[in-house]
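Participant: Below is one structure. I have some questions about it.
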Amino acid sequence: MIKILLAGFTGSMGQKAINLINNNDDMQLSGVYAPHCTEDHAKYNLSNEVNIYNSLNQITDNFDVWVDFTQPDAVYENTKFAIEHNIHPVIGTSGMSDEHQKELISLSKDKQVGGIIAPNFGLSAVLLMKFAGEAAKYFPDAEVIEMHHQDKKDAPSGTALNTAKIIGQNRDNSAVSDDETKDNLSGSRGGTYDGVHVHAVRLPGYVAHEQVLFGGAGEALTLRQDSFDRGSFMKGVKVAIQKVSDLDHLVIGLENIL
Ligand SMILES: NC(=O)C1=CN([C@@H]2O[C@H](COP(=O)(O)OP(=O)(O)OC[C@H]3O[C@@H](n4cnc5c(N)ncnc54)[C@H](OP(=O)(O)O)[C@@H]3O)[C@@H](O)[C@H]2O)C=CC1
Ligand SMILES: O=C(O)C1=N[C@H](C(=O)O)C[C@H](O)C1
């Protein structure tokens, strides 16, 4: 039985994760971490046996896996806490800096605690990132457009940043066309990450979507993925919970365990 602590259980993803755990016989939701939540098991689909912890230092029980769907400003501390307490982190929360990721990978190697940070648990997004890396070898000129629901707290998305990083790692940066556009409206060319322009759209009705546009001489290639429902992330979360203890350090990306 995999004993799970879920952080962010009141949120959109947290509620989906509770259903996933409750519907899998090899998983047990043993605790939830929620600094702002007063006890209200029924409202959040929790059985009364599940402990609600309001601060990290209350967490004294043993857990196997820490599932995190919280907020960018909480995720580093949470992941560090999990690794330091020999709990395997399965991290979906976006917004962790490269420096923090590097530090936690190093900590996980020292402690030999396997874990995963997945910028995206959806297969369509994982494949889009893989294909973008391949396309970037032939089309070095590329831009990323991500589109999300209006409640998303961070921009650009973790998936978009990871896509830009993969493009930057796979293309010949000396072959990228010069861009001397004069920005008449600040921000109109988006932000740049590893030299790749990234644009973020926030609109009601959307869930999570991404396009990567590659341009070449007289031709273009467009890659697109759409998550129409948050349930689309749960297959990836399930695999991560089941396989994370096979790892001996923290890895970035679901593709590492598929
Ligand atoms: N990797 C992936 O495939 C996916 C990742 N995500 C990411 O997951 C995260 C959560 O998304 P979503 O569920 O939509 O967001 P929500 O805003 O719906 O939920 C956020 C949750 O985090 C809790 N929370 C807020 N502050 C803290 C804190 N300081 N410490 C611990 N918990 C806190 C909230 O509790 P309260 O309201 O009580 O403060 C709430 O339960 C985001 O970063 C998002 O980008 C989302 C979808 C897929
Ligand atoms: O906030 C979301 O919704 C999502 N966040 C993740 C991200 O920042 O990439 C994954 C997915 O895009 C949904």
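Keep in mind that glycine also has a Cβ here, set from the backbone N, Cα and C atoms.
These came from TrEMBL, pasted as-is:
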type	residues	note
DOMAIN	2-121	domain 'Dihydrodipicolinate reductase N-terminal'
BINDING	Gly8, Phe9, Thr10, Gly11, Ser12, Met13, Gly92, Thr93, Ser94, Ala118, Pro119, Asn120, Phe121	NAD(+) binding site
ACT_SITE	His148	active site, proton donor/acceptor
ACT_SITE	Lys152	active site, proton donor
REGION	169-189	region 'Disordered'
Participant: Between the Cα atoms of Lys152 (active site, proton donor) and Gly8 (NAD(+) binding site), find the distance and write it as a whole number of Å.
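Facilitator: About 14 Å separates the two Cα atoms.
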Participant: Would you identify the secondary structure of His148 (active site, proton donor/acceptor) according to DSSP, in three states?
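Facilitator: DSSP assigns His148 (active site, proton donor/acceptor) to strand.
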Participant: Suppose we screen the recorded positions Ser12, Phe121, His148 by Cβ distance to ligand 1 with a cut-off under 6 Å; which survive, in sequence order?
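Facilitator: If the test is a Cβ under 6 Å from any atom of ligand 1, the answer is Ser12, Phe121.
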Participant: For Gly8 (NAD(+) binding site), which residues of its chain lie six or more apart in sequence with Cβ-Cβ distance below 8 Å?
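Facilitator: Spatial neighbours, sequence-distant, of Gly8 (NAD(+) binding site): Gly14, Tyr33, Ala34, Asp68, Phe69, Thr70, Gln71, Thr93.
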Participant: Just to be sure I understand the contacts, which binding-site residues have a Cβ under 6 angstroms from any atom of ligand 2? Candidates are Gly8, Ser12, Ser94.
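Facilitator: Within range of ligand 2: Ser94.
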Participant: For the binding-site residues listed here (Thr10, Ser12), tell me which residue's CB has the most neighbouring CB atoms inside 10 Å.
Facilitator: Thr10
Participant: Please identify, from the active-site residues His148, Lys152, the residue with the sparsest Cβ neighbourhood, meaning fewest other Cβ atoms within 10 angstroms.
Facilitator: Lys152
Participant: Could you give me three numbers for the domain 'Dihydrodipicolinate reductase N-terminal' (2-121), the DSSP helix, strand and coil residue counts?
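Facilitator: Here the numbers are 44 helix, 27 strand, 49 coil.
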Participant: Taking 10 A as the limit, how many CB atoms besides its own sit near the CB of Gly92 (NAD(+) binding site)?
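Facilitator: There are 25 such Cβ atoms around Gly92 (NAD(+) binding site).
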Participant: Taking the Cβ of Phe121 (NAD(+) binding site) as the reference point, list residues of the same chain whose Cβ is under 8 angstroms away and which are at least six residues distant in sequence.
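Facilitator: Listed in sequence order, they are Gly92, Phe233, Met234, Lys235, Gly236, Val237, Ala240, Leu254.
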